[in-house]
Structures are given as structure tokens and as C-alpha cells.
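In what follows, a structure is listed as C-alpha cells, so that the remarks can point back to it.
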């Protein structure tokens with residue numbers, strides 16, 4: 001072995017490699033930014049990807065599903081009431097002969113809309129209050145924290161019920177009622193993150209360069225908190241969908257003839273013993289939406305903060 | 001510790017006062033009348049009824065009277081159920097609600113603990129995967145859907161258990177099960193991740209090196225340390241159980257506080273809505289307070305940390 005190796009040695013092997021100035025500094029691989037890196041991690045998580053696909057399918061059907069047959073969600077046809085398999089009523093018909101396929105996807109639209117709207121309001125209030133509280137600290141923080149502490153211990157069951165007794169239930173009032181206490185977890189997440197970040201050197205550098213509070217908050221701090229914020233939004237959506245359904249149940253949800261997934265589930269309860277499909281279709285879609293958001297949320301949390309993963 | 005307890009107590013009182021005040025004033029903004037068959041009442045009787053509920057006095061006076069009575073535990077009379085006392089009605093409905101709630105929690109905690117511990121000990125096996133699936137499913141299938149599935153399969157298809165009513169203990173099984181789903185999933189998830197962390201600690205190696213039996217290591221060293229953080233889940237769980245019981249009682253037609261709550265909303269029974277709201281608020285707040293205290297008592301590290309602050 002060693003004899004062989006010795007034979008192959010020749011002088012040209014010992015010539016210096018041609019060196020070009022700055023070659024070591026050149027970046028050979030494609031640059032991977034934070035979001036790209038996160039997406040790469042997210043993609044390897046089968047559960048999260050499955051959640052994303054289910055979610056895409058549901059959104060697709062919520063938008064285009066109602067165009068797939070010739071019925072609408074509110075026309076009665078008592079001659080075909082409570083039929084499970086009939087023509088192109090894919091999900092059958094309800095007790096008034098309305099097409100359940102139409103009602104389910106229109107309901108999914110309403111539920112998703114309420115949840116997204118509620119999450120959006122949570123996001124705006126939560127990020128504002130959380131970043132002010134975390135960034136300025138001191139007395140402002142003290143006062144905001146006391147308010148948050150009180151709001152945190154008021155059960156949202158109570159707040160939401162009371163609000164909707166006073167205001168007429170519709171998509172916007174329900175979303176607003178849900179965000180009255182809904183912004184609190186978001187504010188807590190943002191506050192904790194901002195408090196951690198505000199003592200870092202780049203904030204000090206920005207301040208030395210003369211950046212104002214507004215610039216430091218919006219340009220430097222909030223973009224760095226985006227990860228936890230997105231995760232919090234993803235988890236706020238299933239909980240909003242749950243509460244919307246809960247409101248339908250106690251008679252404070254979307255008013256008929258409009259339907260949400262929650263109200264369809266509870267309409268289904270009336271006929272559970274004879275026509276169980278009227279409960280199962282909307283209930284299945286509702287569970288799938290919640291499942292998908294939970295899976296995507298878990299995946300995002302792992303992808304955006306690899307240290308959290310076990 | 002005493003200082004901490006006292007300040008927490010102070011917060012409880014303030015929070016309750018905020019809830020009571022908001023509830024009171026919102027109730028007076030409500031549209032609709034509180035009187036049954038108002039148009040049929042002769043004006044004298046109508047005035048008499050309104051005076052008997054104190055609705056003719058200025059709002060602030062009503063508020064003062066309401067607070068005064070509340071402190072004495074008097075929530076007024078129901079406007080719908082022929083003048084029965086709200087406090088009595090709530091106490092009458094409480095045993096049924098408490099039974100399904102407590103059964104749901106106990107069952108859920110036992111199963112959830114078992115799943116979480118086994119999953120952590122057999123990481124990466126089918127038990128672990130099963131517990132992950134259950135944990136995610138439990139969060140995604142709300143109690144009202146679980147209730148539907150249970151009452152259809154167990155109640156209607158197999159006919160094993162009654163699906164509605166409240167006559168004997170059997171009637172509480174399905175509602176309790178429906179409530180326990182969420183508890184199982186939360187417990188399993190939390191206990192698993194805590195156990196995984198504890199099993200990696202150095203003192204586990206020490207215990208093994210001492211020659212302790214595996215069962216002793218798991219029970220005496222791992223479980224004790226893993227269960228302490230699990231107590232924090234109990235607070236949010238209580239809240240979830242109470243919210244869930246409102247729906248589940250409605251579905252299974254159980255004469256508990258949750259059903260009274262929904263009924264009082266549909267019949268505009270203002271005093272009853274207010275009474276149950278306040279009752280729920282007290283339950284929530286006391287539950288969270290107890291969990292926090294318990295946490296501090298059981299885990300000395302927390303006690304020291306909070307004393308340092």
C-alpha cells in the first residue's frame with residue numbers, strides 16, 4: 001500500500017494552487033434567508049404538510065364548492081326533504097329540502113371569515129399593546145399588565161355571550177366579540193419577546209444612529225417577533241372557530257337562513273337519530289379545519305423556532 | 001408566600017367586581033323586555049312587577065342595591081321561572097354539572113397521564129405515535145362533535161347507554177366522556193414532553209447507577225418531577241370543562257347550570273343570566289387561583305423564585 005502510494009507521487013502534486021484574491025470570501029451556496037430556512041424545515045414535517053394540503057383543499061371548496069352544483073343555500077324544496085342520496089345533492093338535503101353541500105360550504109366560508117377576522121383584530125390589538133408594553137416598560141407596562149391580568153381571568157364564554165346579547169349577531173359583531181379577550185395571549189407573547197430583544201446590541205446601534213422609537217419598533221423589533229406572532233395567529237383561528245360554533249349552539253351565532261359550520265352541526269343534532277348524515281358532514285369539515293390549523297401551527301412553531309423542537 | 005396569596009386575593013376581588021359591573025350595565029342595555037306577556041298586563045300590575053324588581057329606580061341606585069345583595073349571596077329572583085330565587089336555581093343545577101365535569105376531568109387525567117407516560121418511556125414506538133394522534137385529535141374534535149359521535153354510536157346504534165335525560169348514574173357517562181376528550185389530549189401532550197425532558201436529566205442516570213429498579217426510577221424519580229408542571233394545565237382545563245359543559249348539557253338534556261344558562265339567554269331572563277355569569281366567573285377565578293397556589297406549594301423552586309421577586 002505504502003509502496004504504491006510512494007510510486008505515484010510526482011513533483012507537480014506539490015505545486016501551489018493558484019489563488020485568487022477574495023476567493024475564500026465568495027459564497028458558493030445559494031443564500032438561505034430566515035423564511036426560506038423555515039420553509040425548508042416546515043416541508044420536512046409530514047404532519048404540517050398534510051395540514052397545509054387539507055387547508056388548501058378546504059379553502060378551495062369553500063370558494064368554488066358552491067359553484068359545483070346548480071342549487072343555492074337557501075331555497076326550500078319540501079318535496080325532497082331529508083334525502084341523503086339524491087341526484088347531485090352531494091351531501092343530501094336537510095329538513096327543508098335545502099342542499100347540504102351548498103349550506104356546508106357557505107357555512108365554511110362564514111366560519112373561516114369570522115375566524116380570520118377575529119385573528120386579524122387580535123393581531124392588530126395584541127401586537128400594538130404587547131410591543132408598547134414590552135418596549136417602554138415602567139409605568140406604562142405596569143398599567144397595561146394589570147389590565148391584561150384582569151382580562152385574562154375573565155372567561156371569554158362570559159364576555160362573548162354578553163356582547164352578543166347586546167349587539168345583533170352577524171359576522172363582524174361575532175368576530176369583534178371574540179377578539180375582546182382574544183388579543184390577550186398575543187399581547188403576552190409579543191411583550192415577552194420584545195422585552196428579550198430590546199436590550200440587544202442592534203437596538204442600541206439603531207438608537208445611537210438616531211432612530212426614533214417608532215422606527216426601532218417597526219423596523220427592528222416587530223420583524224424579529226414575526227415568528228411567534230404567526231404561530232399565535234395560527235392557533236387563534238381554531239379557537240375562534242370553536243367559539244363561533246359554541247355561540248350558534250346557545251342561540252347567539254349566525255342567524256338563519258344564513259349558516260355557519262357550528263349552526264349546521266347543531267341543526268344536525270335535531271335529526272341525529274334518523275338522519276345522522278346531517279350532523280356528520282358539517283361536523284367532519286369543522287374538525288378537519290381545526291385539525292389542519294393545529295397541525296400547521298405545530299409545524300410553524302417547530303420551523304420558525306428550531307430550539308423549541310424536542 | 002403570604003404576601004403573594006394576599007395580592008392574588010386582591011386581584012380576584014377586583015376582577016370579580018369588573019365582571020359584575022360590566023355584566024350589570026350590559027344587561028341594562030339589552031333590547032327586549034323582561035316581562036312575560038307584557039301586552040296582556042294591566043298597567044297597574046305591570047308597574048307593580050317593575051317596582052318589585054326595583055326596575056323603576058335610577059340605574060346607579062339599582063347598581064348599589066345589586067352589589068349590596070350580591071355580597072349577601074342574594075342574586076335576586078328569576079324573571080322567567082315564576083320568581084324562584086336565582087341562587088337556589090344555580091345550586092339546584094350545580095350537582096349535575098359538577099358530576100359530569102369532575103368525572104370528565106378524573107377520567108381524562110387518568111387516561112391522559114397513562115398515555116403521556118407510556119409514550120415518553122417508549123419514545124418512537126406505536127404507543128408514542130398513538131398518543132400524538134390522540135393529542136392532536138382531542139384538540140381538533142370539539143366536545144360538541146364528540147358528544148354527537150358518542151350519542152350516535154354508543155347511544156343510538158349500539159343502544160348501550162341512554163342519550164338524553166338525567167335519571168341515574170348511567171346518564172352521566174356519555175356526557176362525561178364527551179368532556180374528557182380534550183382533557184386526555186392536553187394531559188397526554190403535556191405529560192409526554194415533561195417526561196421526555198426529565199428522563200434526560202443527570203439524576204436519572206444517578207438513579208440508574210445506584211442500581212434502582214426501572215419501576216422505582218420511573219415512579220419515584222421521573223413521574224414526580226414530570227407531574228409538577230402538569231398541574232398548570234388544570235387551570236385552563238377547568239375553563240374548558242365549564243365552557244364544554246354548557247354545550248354538552250344542552251345536547252344531552254341535562255338539568256345543570258349550563259342548560260339553565262342557555263335557557264335563560266333564549267328567554268331573556270336577565271336576573272338568571274346575570275346570576276349564572278357571576279357564578280361562572282367565580283368558579284373560573286377561584287379555580288385558577290387554587291391551581292396557582294397549589295403549584296407554588298408543591299414545587300419549592302417556584303416558591304423561591306416568586307419570593308425573590
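Using N, Cα and C of the backbone, Cβ positions are placed for all residues, glycine too.
TrEMBL tags one of the stretches B:61-84, B:133-156 as transmembrane segment, and that stretch is B:133-156. Of the listed segments B:191-217, B:272-298, TrEMBL assigns transmembrane segment to B:272-298. TrEMBL lists transmembrane segment at one of the ranges B:9-30, B:31-52, namely B:9-30. Within its own chain, the transmembrane segment (B:133-156) has Cβ neighbours under 8 Å at 115, 162-164, 174-175, 177-179, 181-182, 184-186, 188-189, 192, 244, 247-248, 251-252, counting only residues six or more beyond its boundaries. A contact links the transmembrane segment (B:9-30) to the transmembrane segment (B:272-298), because at least 3 Cβ pairs that are 6 or more residues apart lie under 8 A.
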